[in-house]
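Summarising the annotation, TrEMBL assigns compositional bias 'Polar residues' to 1-12. The feature domain 'CUB' is assigned by TrEMBL to 37-118. Taken from TrEMBL, the feature region 'Disordered' applies to 1-21. Per TrEMBL, the feature signal peptide maps to 1-45.
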Amino acid sequence: MPANSRDTQGPQNKDKASRTLHRARAHRWLLLYHALCFSLSKASAHTVELNDMFGQIQSPGYPDSYPSDSEVTWNITVPDGFRIKLYFMHFNLESSYLCEYDYVKVETEDQVLATFCG
């Protein structure tokens, strides 16, 4: 899309164009995180350990599509007294009923906090 074509569209057309672009994109996601105050740790065979106070997590191959059957766990650990705040900046997963296929799950050691899917 040319840079100036966005400026000439009205607010309604911008919203419609944005939704159309999202549907045309490949399946991928980007998650930014910032440590605020608590510890998250869970072990898995395909695990990435993160200990920084801020950073980003992204799907394998981002910004391209993630490979089929990808399964990765990111453990974000912060010092005692801090918590983790998550921001999804880009999120586009394959649609599925009840998140049975592609999903992103956010959990602590003892409970699932949220499950997101397309």
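From the backbone N, Cα and C atoms, a Cβ is placed for every residue, glycine too.
Any TrEMBL annotation is an automated prediction that lacks curation.
Over the domain 'CUB' (37-118) the predicted model carries a mean pLDDT of 80. Shown for the domain 'CUB' (37-118): DSSP residue counts in helix, strand and coil, namely 3 helix, 33 strand, 46 coil.
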